[in-house]
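Notes for the one structure printed next.
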Ligand code: NDP
Ligand code: HSE
């Protein structure tokens, strides 16, 4: 059979890895796909560097539109990134009748509804396994492996850069900026690393996970996002003392009144497997009503792990491109006419446990005042520690772990606590998930 012809847009970390893996494992991949998958054209801005990478095996061009409009290309692989030219290229590729494979979570989180609608109307596939959790086949697992289940929640470490930073800071005591530079050198970070550090990249991925888990439209703008830039070393230390690790988690939960969609640093019990996921590794927990808890673990970023997912999509598209579009797996796991309008809940309505740290005067009645404010806001204290200081007059840091409470109530309590004359700091508030 004739090989299937692929046009590769972008030859950076992931594009280069994809080219390499496709070439190295060509025979094995052909045995699986039923025919050879050949990259015939590549686009890159730096022609000389690109030619060094691909040799004479593929034509190299500087204009990516030349590829998406080339009638000989069957599948376009978008590995440029961002929401600018990448969006134009993907829409044009679909308009030209080509299937698309992309690792671009930013693009799909922002423009996924438009892209999937166009693809459906044209009977085309848009595959994006590499967009979430790098090499872990989490899209396939949720979209296909867990189809029997009503998914209850998904929680994961889905940004390798921030997990790498948190691990290195804790284990090697290295400063944040140094570790970020290392993550960039290793090819983990986004072109704009604030996307990693501020939780935006994780929110892009979580948005896609929520859509395929619950059958809702892609709604990145409704996600609550906090990154790790404000996280202080002292909270990492106190969390450890209390038996927790702090991880940047993406969490999406189905509730009776809507869907929680949130990314933030989270205390997780140290004994949980996910709390021990280190470096650029990712892990995703999925709870289904039939299967119970499932855990998926692997490399979440980098050249070949991400290429592994891109190539898996290429094999899928090669196997399925002659199939009747009605009988393919829907882009977002659910049939387009069955997508639900369940609302994304405001962070104020989220219900979880909390870590609260506050600096107070070490004097009679201060702790009682704090406890009274929490009780009045229907917040139950699970445990508490007090860290005295050597200051004069004496001061102390008090750390509460609460039982599950509603965020709106926690906000009211924090405002009252910060107004107390005996309190001399802002309250540090972190969320805690038992994931049990
Ligand atoms: P790189 O920056 O390494 O590569 C981007 C490529 O696109 C380069 O070849 C670059 O050309 C080309 N490019 C950039 N801008 C333009 C433009 N305006 N016009 C034409 N070509 C352009 O990025 P990555 O490979 O790291 O990431 C690619 C995609 O994969 C992104 O969507 C990213 O989010 C996603 N991803 C990345 C992962 C990773 O571990 N790195 C993991 C999972 C997903 P040149 O080099 O000549 O500038
Ligand atoms: N910047 C991303 C990360 C790449 O660090 O996880 C993988 O999507």
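Cβ coordinates come from backbone N, Cα and C, glycine included.
Unlike curated records, TrEMBL annotations are generated automatically.
Annotation source TrEMBL lists active site, proton donor at 205. Residues or ranges marked as NADP(+) binding site by TrEMBL: 9, 10, 11, 12, 13, 14, 15, 16. Summarising the annotation, TrEMBL assigns NADPH binding site to 105. Feature annotation from TrEMBL assigns L-homoserine binding site to 190. Among the features that TrEMBL reports, domain 'ACT' is placed at 355-432.
Annotated features taken from TrEMBL, shown on the structure.
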residue: 9; record: NADP(+) binding site; DSSP class: strand
residue: 14; record: NADP(+) binding site; DSSP class: helix
residue: 105; record: NADPH binding site; DSSP class: helix
residue: 190; record: L-homoserine binding site; DSSP class: coil
residue: 205; record: active site, proton donor; DSSP class: helix
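Listed binding-site residues: 12, 13, 14, 16. Those with a CB atom under 6 Å from ligand 1: 12, 13, 14. When the neighbouring Cβ atoms lying within 10 Å are counted for each of the binding-site residues (15, 16), the highest count belongs to 15. Here the domain 'ACT' (355-432) returns a mean pLDDT of 95 for the predicted model. In the vicinity of ligand 2, defined as a Cβ distance under 6 Å, the following of the recorded positions 10, 11, 16, 190, 205 are placed: 190. Every protein chain considered, the tally of other Cβ atoms within 10 Å of the Cβ of residue 14 (NADP(+) binding site) stands at 29. Secondary structure by DSSP for the domain 'ACT' (355-432): 23 helix, 31 strand, 24 coil. Comparing Cβ neighbour counts within 10 Å across the binding-site residues 9, 11, 13, the minimum falls on 13.
Other residues of the chain with a Cβ within 8 Å of the Cβ centroid of 9, 10, 11, 12, 13, 14, 15, 16, the NADP(+) site, are 8, 17, 18, 19, 44, 79, 80. Ranking the binding-site residues 11, 15, 16, 190 by the distance of their Cα atoms from the Cα of residue 205 (active site, proton donor) places 190 first.
For the residue listed as 'L-homoserine binding site', the same-chain residues that are 6 or more apart in sequence and have a Cβ closer than 8 Å to its Cβ are 81, 106, 161, 196, 201.
Listed in sequence order, the residues of the same chain lying 6 or more apart from residue 10 (NADP(+) binding site) and placing their CB within less than 8 Å of its CB are 43, 44, 64, 78, 79, 80, 81. Note on proximity: of the binding-site residues 9, 12, 13, 14, 16, the one nearest residue 105 (NADPH binding site) is 14, by Cα distance. Taking Cβ-Cβ distances under 8 Å and a sequence separation of 6 or more, the neighbours of residue 12 (NADP(+) binding site) in its chain are 79, 81.
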